[in-house]
Amino acid sequence: AVIGRYKLSVQTGSSSPANLGTFVLLFNPWSSGDDVFMPNKAECEEYVLEEFGIIFAGNKNHISGFGWNFGQFQGDTLNICLSILDRSLYYRQDPVTDVSHRHDPRYLGRVLSAMVNANDDQGVVLGNWSGKYEGGKNPSSWTGSGEILQSWKKSGFKPVKYGQCWVFAAVLTTVLRCLGIPTRTITNFSSAHDADGNLRVDEFYDADGNHLERGADSVWNFHVWNESWFTRNDLGPSYSGWQILDATPQEESGGIYQCGPASRHAIKEGEVDLDYDCPFVFAEVNADCMYWNYDSATGKKTLIFSKSTEIGDSISTKAVGRDDRVDVTSDYKYEEGSAKERDIFKKARKKLGLEDKFDPTAPTQEEIEQKPDISGKFKVAGSLEVGKDLHLLLVLENLQSDAKTVNVNMTAWSTLYTRRPVREIWKDSISVTLAPKEEKHFPIKIKYPEYQQQLTTDKTIQVTAICHVEDGIQVLVQRNITLDNPAIDIQVLGEAKVNKEVVVEVAFTNPINTEVKDCVLQVQGSDLLQGILELRIPPLKASEKSSTKFKLIPSEAGPKHLLVNFSCDKFADIKTFKMVNV
């Protein structure tokens, strides 16, 4: 049966039917006959009924997580989810056919992956990766889907400004869970955006070590998509189970910005010819990475090095029934660097016709196999916290048995989480002589006042050193750094009971030696309070502690999550959450 709103009437004898009202039919993951049947009850609880989630972010060296209020059973959410279906391009073009397909989670997953972004169809959320968010909300400032869905409805279905990948994934989770399809968010670290479909991403740097925006390929510090659970009658039983859907508008599929469902099993086995969008998803977790030096004067590019183990790291999701991270990388690919993993990569290339086709942009085998004379890496020394100076070490090692002279050009840029460079923070160059087999450490200090104005709200910095070795090949050393916000503390004062007031205290200490102002605290949590509570807090002098109290009246028993977001002029979106047992 198709899901949606039904009229129910009863007829006795020859009398005219009496209308009894309406009901909404949803998918049922508890029912063994349903396409979304999930045999594990604890998983049903987590992936359909749980209104709180943790989304993982940061980078592969430094994974962090923040809470999200999906709120799929709050207020008017179900009605809004049903109206999303009735506003899709598919429905507008052919309503009868569209509705007749609404029994199929494959179809609905694909339609909703298009409708959650605003491209093509005036969908729910408008993406913005510019670093400038005038006329809307910074994507980092949202902490729940409810506010986004409500705004979309209240504005007469105008796209809500602005979203980035985790916002699209979180809203899609809300909509699919609301309709009864088990769904979760997945974070892929060092995620490839392979725009030209050659299973390779190319990054370009100039001689000074600046990361250039050339070509459409990119590697994001992290990217968030969804997995939904349903059968694939079109592909066969081994491809059922978790299916990848991605509502972030990256590449068109079938002429519009939609992605999936791609069977996770198909991705692992390199079956990139199966529906839908497997090549793009396969590349996100498997693409090879090429780093080039580009000379803008001559237009010449020289391969610095290539890496086949860079992409698709620490693929993460929230654990069932607890607030922990689970690593699911091995469900997406065989062990990185293993013979099996390389075989699957070759199989995928072959299916895409890349093995037999000459690619003039590809490096030669000779370029790929060239061996550098030195190696380098950046090490972090000390804490990575907004408000503190940044201490790094550049470690250079001579791999040869003769001395080497190296000229090193270093830069640090503030970036978005997509590694798009935004503003230069610092640059320096040094000339070094390394004795045979010698390792040297060079300390780097970037002071807080140097980076404070330049930092984006993603709090990410890319540090690069390009090492010009005399009579040798260049060596690129880079590190993406994500800074942590200072901590914020939540205490529930007393026992939380249904329909009884309970006091909560939120404390924050200003960690920097200047005053912070424009302080705002936002609080939300399904079944703990209605909507969003916003509290203005007076300015805080250097090292001053603020303590704010407010009351909650929980409406339902059980483990509930309170989400807090604190912002001021020097720190954006300091987020934390606390489980409250009602």
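Please read every residue number as a count from 1 along the shown chain.
Note: Cβ is positioned from N, Cα and C throughout, glycine not excepted.
Since we're looking at a predicted model, the values are computed, not measured.
Quick look at what TrEMBL lists:
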DOMAIN    157-249  domain 'Transglutaminase-like'
ACT_SITE  CYS165  active site
ACT_SITE  HIS223  active site
ACT_SITE  ASP246  active site
BINDING   ASN286, ASP288, GLU336, GLU341  Ca(2+) binding site
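ASP288 (Ca(2+) binding site) and ASP246 (active site) have their C-alpha atoms 21 Å apart, to the nearest angstrom. ASP246 (active site) sits 9 Å from CYS165 (active site), counting Cα to Cα. Each residue contributes its Cα atom, and for ASN286 (Ca(2+) binding site) and HIS223 (active site) these two points are 14 Å apart. Only CYS165, from the recorded positions CYS165, GLU336, GLU341, place their Cα within 10 Å of the Cα belonging to HIS223 (active site). For GLU336 (Ca(2+) binding site), applying a Cβ distance below 8 Å and a minimum sequence separation of six or more within one chain yields THR309, GLY312. Counting in whole angstrom, CYS165 (active site) lies 27 from GLU341 (Ca(2+) binding site) by their C-alpha atoms.
Highlighted in sequence order, VAL285, ALA287, SER308, THR309, ILE311, GLY312, LYS333, GLY337, ARG342, PHE345 have their Cβ within 8 Å of the centre of the Cβ atoms of ASN286, ASP288, GLU336, GLU341, the residues recorded for Ca(2+), and are not part of that set. Of all the recorded positions listed (ASP246, ASP288, GLU341), ASP246 sits in the most crowded Cβ setting, with the most other Cβ atoms within 10 Å.
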